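Structure first, then comments.
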Amino acid sequence: MEEVIKNAHTYDVEDVLKFLDVNKDNGLKNEELDDRRLKYGLNELEVEKKKSIFELILNQFDDLLVKILLLAAFISFVLTLLDMKHKKIEICDFIEPLVIVLILILNAAVGVWQECNAEKSLEALKELQPTKAKVLRDGKWEIIDSKYLYVGDIIELSVGNKTPADARIIKIYSTSLKVEQSMLTGESCSVDKYAEKMEDSYKNCEIQLKKNILFSSTAIVCGRCIAVVINIGMKTEIGHIQHAVIESNSEDTQTPLQIKIDLFGQQLSKIIFVICVTVWIINFKHFSDPIHGSFLYGCLYYFKISVALAVAAIPEGLPAVITTCLALGTRRMVKKNAIVRKLQSVETLGCTTVICSDKTGTLTTNQMTTTVFHLFRESDSLTEYQLCQKGDTYYFYESSNLTNDIYAGESSFFNKLKDEGNVEALTDDGEEGSIDEADPYSDYFSSDSKKMKNDLNNNNNNNNNSSRSGAKRNIPLKEMKSNENTIISRGSKILEDKINKYCYSEYDYNFYMCLVNCNEANIFCNDNSQIVKKFGDSTELALLHFVHNFDILPTFSKNNKMPAEYEKNTTPVQSSNKKDKSPRGINKFFSSKNDNSHITSTLNENDKNLKNANHSNYTTAQATTNGYEAIGENTFEHGTSFENCFHSKLGNKINTTSTHNNNNNNNNNSNSVPSECISSWRNECKQIKIIEFTRERKLMSVIVENKKKEIILYCKGAPENIIKNCKYYLTKNDIRPLNETLKNEIHNKIQNMGKRALRTLSFAYKKLSSKDLNIKNTDDYYKLEQDLIYLGGLGIIDPPRKYVGRAIRLCHMAGIRVFMITGDNINTARAIAKEINILNKNEGDDEKDNYTNNKNTQICCYNGREFEDFSLEKQKHILKNTPRIVFCRTEPKHKKQIVKVLKDLGETVAMTGDGVNDAPALKSADIGIAMGINGTEVAKEASDIVLADDNFNTIVEAIKEGRCIYNNMKAFIRYLISSNIGEVASIFITALLGIPDSLAPVQLLWVNLVTDGLPATALGFNPPEHDVMKCKPRHKNDNLINGLTLLRYIIIGTYVGIATVSIFVYWFLFYPDSDMHTLINFYQLSHYNQCKAWNNFRVNKVYDMSEDHCSYFSAGKIKASTLSLSVLVLIEMFNALNALSEYNSLFEIPPWRNMYLVLATIGSLLLHVLILYIPPLARIFGVVPLSAYDWFLVFLWSFPVIILDEIIKFYAKRKLKEEQRTKKIKID
């Protein structure tokens, strides 16, 4: 049973029905439904059990640093309660534990809120499932909730329906059945489905090859069929994806930053424990001092000192500062179209070593585009035109001057000119020295790019003769200089002389009539002619986009002279002799016959506008075929406009279903109308019959009546079939016989397109008589489609996004490998990969070499299923040692496995995708990146980052920002650690000397959370280094602080401790008695615990001293403590300035390079002043106001930290240069 269901595609339908015990004519019986429900369950996706709010809260405290702080707060609270026997307790005595607990509660609240809003991917998956299904039960068709669909149910599906479960096709009632399953498989085009069984050799094939299986949640775009359900719920392919997402949720998903912070917490806890125990043991001899009253209280007192030491050592503000820094980074990334859903992912981007990118919709536009076409412009010569791009403008040039790329970048013709010695230029989209005014990456590839851009702008300002084509400046030949930085505009006279531009001709009339009218797709525009809706098969839509975007409108039809033998049975097509009166007529956008300006279209401008429009790509591509029972049935009433019929038939279907790149938008598109350009072509004729596509003919034809009442047959289809049926061909002068030589020339052109992974189509037409309409069976259609006139052919592909090639080159410069993982076929994947620099132009062609990977293999293309069959060791070897890889025909499980192996190898993996099939891999990767416009909700919710512009280039900007954030994070962590080392050193020295503690725990909390917090946050605004994207990515296990850096900050921290203790001691021993306090000697200060045994010890009563003179060492020390705290704060401000750079002096990088830091240091000092001079605050923090002389002393003790750090930087920088010099010598 399991075997039959698993491999239902290799069994006859009758065998499948027999195993499922169901009759295809009656369906399941109602009495057996309960048994099937018990056996197979309901047709719904499981949802992972959600954590309770209590579990979420507990998870926020499952952190070592947090646990240490909780323990410190608890002990502090207990010790404060124990002090009740000695003194009156006030609320301010509990300030330390209260502040710690409050901070932890706030952090937990933020964490719970983020987690509650993050996990929605499973709910999004459930929303993909259709809610209703048409099912046959007890011989009757009925509509039921798809939840109650069971294995063995017979279902009916037609255009616009979503498949409610995995099903085996029983019978197709239309001539063809096409399914849009790109959201599941990643294929860029809709897929033909058949009912016939497949060979046994396909038992373990990938899901893309299962041509007789319909998968749950995929959409029917053409045809009608019945099928039997073979899998429901979690057993379906989309159920497997859900299971993978659940598994990914349960995996350890700690980011590198979280791992580092946890490791830091472990190391810190060990250090704190050692220091606390050491301090406690050092003071063991003082436990019985009279001041404590008893040994127990002495023990508790020094235990409290140890707790204070722990508070000083823990950077309480670190979590808040890290969160703030990441949040600020996300704001900057939003401006660059990267929306961050999980804060920690920002830092992880900085250490990305491998980007695994989906192809369709990520690296490419996810819009099939016509990139090359050919016509017989001359009598015996086939002319091919190829798409070229400059900036936002597209052109078609004669391809005899171009290379055989998918579509010609600028290298194709500029390098051609350069090779001929006519011009020195280099303006390819992916070549060194290239320059483009809008190019975001030119700074990385040319040191003179900024100067060149300025020169270009100046040239533009001085020239008012730019052509409509977007040319920037016409540069005469005599102005050319012999250097690689010469800028050549496309409007240059040199180009006009060298390149033949395509210009629409009236002789191409029938070619475009065939493109538009032999086509069941449609596009709808708003009032500005911007596409807002499109319906139909992606291939047919590419033909309409070609006509619409280049605004090709009907003008004349030519009186072509036909061969005599052809004229015997037909009447020549007559010219309408009418010029187009449309306000968007041909002369507005294209040149006349005397003007050789090239056709232009700002396709990308439309793309930009589509982001703001309600852009829904509905897949009711062939809605007009719904319900057709036979080939050639009258599609529309004779004499009725094709456009009106098409629009009215689609009226109640436009919201039926959508493709995987549907963009949910609430904008109202009720004013959208069919494209004026497309309508103008369809209004040229009235459609009589459609002869639908069949696998045997591989053709589709349409019979129309033009305005002259002539009956014309237009055909499109597979080039080999069209060419075989053609007897003539159309030129600009006449109609000529098509001989074998010309047929071979056409075949060669088509084969060249195929080598470039283009999907090819050819077009033909012929004149019919009224008797030809009396057709009754399929054989009549074969006869009708003979003796055709060849019009031309074209190639389409989903082209790469603008600048994606440069973005990938920049990744390579930054030491990041880019892998393509796609569900598409190997030829298309390889062609795109070469175009965008994932593969080199001349590599990866030999498929046999690709699959026999050895140690020397550097470039590889792999089929997903074959890669899965490799041993784990071989998979690791390939992924570790191969710099460029393309994976094709991959399934969701393959993508997840690739990501898992890469992570096991220690790589930091970023995964991009837009479809449902990408969700498991997005979840598993260190960074999941989804497309925001065309991405499914499933992909978005499974991701960490969403790209608002669907552009791979944005990923590079995000990585740059991630690296900058990490560098800044290192700066403020170093700053905070050195500060905490200073505090620890202060307490340790105090305990070692046996003097009163100079800093109270609440003062340390103030410094750690507030005073240090502002400068630390401001360090997150440090601008990026100029070479941040020219460095290799760091390893995710690299420590934030290495041994040398720690030694460096121990030196600084030791000075901080010495300075804070020294000014404290200075006040007792040497400070002028401006406040009337009594100077004492060092012995008295270091043995203050024995004060009660000194019979004649007398001091002046200052501040809040009691009658007990020994209180001089507790309440009387408030001024000394204030001086100590002020020195600590000012040193920290100087230390923040030192943290601007790890190696560069303040003379090289002045503080005003980061004005946020300057303002933050001033703000921190103002806050410190507030607690000194506002009495209520001064009482809480145990401080008093300082005089001008006091501040002078504070400055004298603080400023040397600048000098000390400058000395350390000098030696550290010199050592760094020596290391670099040594490495260079070794490399040389």
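Using N, Cα and C of the backbone, Cβ positions are placed for all residues, glycine too.
What you see is a predicted model, and the numbers here were worked out from it, not measured in a lab.
The ATP binding site feature in Swiss-Prot is assigned to K716; the stated evidence is similarity to another entry. According to Swiss-Prot, the region 'Disordered' annotation covers 452-478, 562-613. Annotation comment: Swiss-Prot describes 1-63, 113-270, 322-974, 1022-1042, 1141-1151, 1207-1228 as topological domain 'Cytoplasmic', evidence class sequence analysis. According to Swiss-Prot, the transmembrane segment annotation covers 64-81, 93-112, 271-291, 301-321, 975-994, 1001-1021, 1043-1067, 1119-1140, 1152-1172, 1186-1206.
Listed by sequence, the residues of this chain that lie at least six past the ends of the topological domain 'Cytoplasmic' (1141-1151) yet keep a Cβ under 8 A from its Cβ atoms are 970-971, 974, 1045, 1157-1158, 1202, 1206, 1209-1210, 1212-1213, 1216. Mean pLDDT, taken over the topological domain 'Cytoplasmic' (1-63), works out to 83 on the 0 to 100 scale. Sequence-distant neighbours of the transmembrane segment (1001-1021) (same chain, 6+ residues past either end, Cβ-Cβ under 8 Å): 76, 92, 95-96, 99-100, 103, 307-308, 311-312, 314-317, 320-321, 324-325, 328-329, 965, 968-969, 971-972, 975-976, 979-980, 983, 1121, 1125, 1128-1129, 1132-1133, 1136, 1139-1140, 1154, 1156-1157, 1159-1161, 1163-1164, 1167-1168, 1171, 1180-1183. Remark: secondary structure over the topological domain 'Cytoplasmic' (1022-1042) totals 0 helix, 0 strand, 21 coil, with classes taken from DSSP. Sequence-distant contacts of the transmembrane segment (1186-1206) (same chain, six or more residues past either end, CB-CB distance under 8 Å): 1051-1052, 1055-1056, 1059, 1062-1063, 1066, 1072, 1074, 1122-1123, 1126-1127, 1130-1131, 1134-1135, 1137-1138, 1145-1146, 1172. Spatially close to the residue listed as 'ATP binding site' yet at least six residues away along the chain are C514, L515, C518, N519, L699, M700, S701, I722, L761, S762, F763, A764, judged by Cβ distances under 8 angstroms. With a threshold of 8 Å between CB atoms, the same-chain residues lying at least 6 positions outside the topological domain 'Cytoplasmic' (1022-1042) that come near it are 256, 259-260, 263-264, 348, 350-353, 444, 810, 813-816, 906, 908, 926, 956, 959-961, 963-964, 966-971, 973-974, 977, 1049, 1140, 1153-1154, 1157. With DSSP states grouped into helix (H, G, I), strand (E, B) and coil, the topological domain 'Cytoplasmic' (1141-1151) comes out at 1 helix, 0 strand, 10 coil.
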